[in-house]
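This report refers to the structure that appears directly beneath it.
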């Protein structure tokens, strides 16, 4: 039977929605705005980098990044993110959420600026410098995943916890939207000031020297929202769940939350010691007890996030190639370098505005009514359906009269990714694990996702190439084509739907009930209860 909860934790669980909830959402959410902006703005500038640094004299098409360089520029931040998720997830449980929270933000600010200041005018030095800073930028971004999710889950009440965590993650949509809008504004301003002919008319003059400033300004802009948030992150108190259940300081937890909630809370040190000293609340991550009680749940959160990110990142990072393939973005030689950034930014902004952002906020509105399981299962199902709908009659969508319909269905896959597993895979790991391992387990789940993102980002570069070697991008071997790539992504989404059945439903329950930290039952009964929590909440 669950014991009576600590007063300070119960006060958080039953608290009405207050100003501090929205303050926490904004503070944590601005980090995710920056995260999404920094990770996705690179898709705006890769073609510009190819034109500036890899121009080939006399070539029919504008310069493009060689395969290994394109893979490095697109994927190095993802590699850094994976490392940061594991490291800062672990550190958040060892040192506390707040102490680590400011470190990740400063790394993001410094490395965003460093990326834009990449030294040199030769390709090798600029790309090497850019990749160096983008790796460490990703490292800081990675830390924001487990820390923001854990902080928000530990601050929230149990009734609307899903919506609060989803709202933090939904700022990613505004980050993607912001990246597109900044690209549009900067490129439009430069294109108006520095008029240049198309590549077909004058290959050299189509890329004016000032184009080098365009990509630098776009990548550096991500430092601004992160810098604005730093002071407020440092003012946030440590979460009561960490202070009480991990640091074992009931008095400090009660004092901090009394100020936040504006109510009198009694410190219950003896009761806290009784809870934390039980063997059921002392097992580590690599113990049989953890494997027995949380192993299946961790497998579920890791596998679904891994499969989701293969599909999600391959679509997001390379949507410009898909738009080009169906003619939504004109052939590169019919534009100058800066105009191409404008057209890619416009396409990205339209997709974000029409599908990505609404999908996130549908999750915010409905997650505490429908539950995490139902939304995730539904999202994977519709992503599978729409991916196959794009792939099987792919030639039909490439015809000029059908291009708008293609973009609509493509946008719907993004909508159901965000009103679906892209949101829930972030939310659930912050709810179902014990406080002393919560940040670590979220970091592991997120790192599994980034491993999928790396596969999607690197693999799609090669897989989406035309099967005819004469029609591939410069330097690439023939691939399986966009049609077959979309079929593979559809299969991956279907597997995600199956693995969703491993993930428990946290809706409406306290974090301590979900993790078993309040239970007084013996190990056998706990195992039975854990297995009974495999949910199909219909």
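Using N, Cα and C of the backbone, Cβ positions are placed for all residues, glycine too.
Remember, TrEMBL labels are computer predictions, not curated facts.
Residues annotated as compositional bias 'Acidic residues' in TrEMBL: 514-524. The compositional bias 'Polar residues' annotation in TrEMBL covers 525-538. What TrEMBL records for 24-508 is domain 'Major facilitator superfamily (MFS) profile'. What TrEMBL records for 511-538 is region 'Disordered'. According to TrEMBL, the transmembrane segment annotation covers 20-49, 69-88, 100-119, 125-142, 163-190, 213-232, 350-367, 373-392, 404-423, 443-464, 485-503.
Residues 67, 70-71, 74-75, 78-79, 81-82, 85-90, 92, 142, 145-146, 298, 301-303, 305-315, 317-318, 321, 425-426, 429, 476-477, 479-482, 484-485, 488 of the same chain sit 6 or more residues outside the transmembrane segment (443-464) yet have a Cβ under 8 Å from a Cβ within it. Of the recorded ranges 20-49, 163-190, 373-392, the transmembrane segment (125-142) has the largest number of C-beta contacts under 8 angstroms with 20-49. Proximity of the transmembrane segment (213-232) to the transmembrane segment (69-88) is not established, fewer than 3 Cβ-Cβ distances being under 8 Å for residue pairs spaced 6 or more apart. Panel annotation: around the transmembrane segment (350-367), residues 162-163, 166-167, 169-170, 172-174, 176-177, 180, 319, 375, 407, 410-412, 414-420, 422-424, 427, 507 of the same chain, lying at least six beyond its termini, place a Cβ under 8 Å from a Cβ of the stretch. Non-local neighbours of the transmembrane segment (20-49) in the same chain are 62, 64-65, 70, 73-74, 77-78, 81, 104-105, 108, 112, 127, 134, 137-138, 141, 144-145, 148, 151-152, 155-157, 164, 167-176, 178-180, 182-183, 211, 214-215, 218-219, 221-223, 225-226, 228-229, 232-233, 236, 260-261, 316-320, 332, 337-338, 340-341, 344-345, 348; each lies 6+ residues outside the stretch with a CB under 8 Å from one of its CB atoms.
When Cβ-Cβ distances below 8 Å are used as the criterion, the transmembrane segment (163-190) is approached by residues 21, 24-25, 28-38, 40-41, 44-45, 148-149, 152-153, 155-156, 210-211, 213-214, 217-218, 221, 316, 338-339, 341-342, 344-346, 348-349, 352-353, 356-357, 359-361, 363-365, 367-368, 418, 423, 426-427, 430-431 of the same chain, each at least six residues removed from its ends. Cβ atoms under 8 Å from those of the transmembrane segment (404-423) belong to residues 166, 169-170, 173, 304-305, 308, 311-312, 315-316, 319, 322-323, 326, 328, 351, 354-360, 362-363, 366-367, 375-376, 378-380, 382-383, 386-387, 389-390, 397-398, 496, 500 of the same chain, restricted to positions at least 6 beyond its ends.
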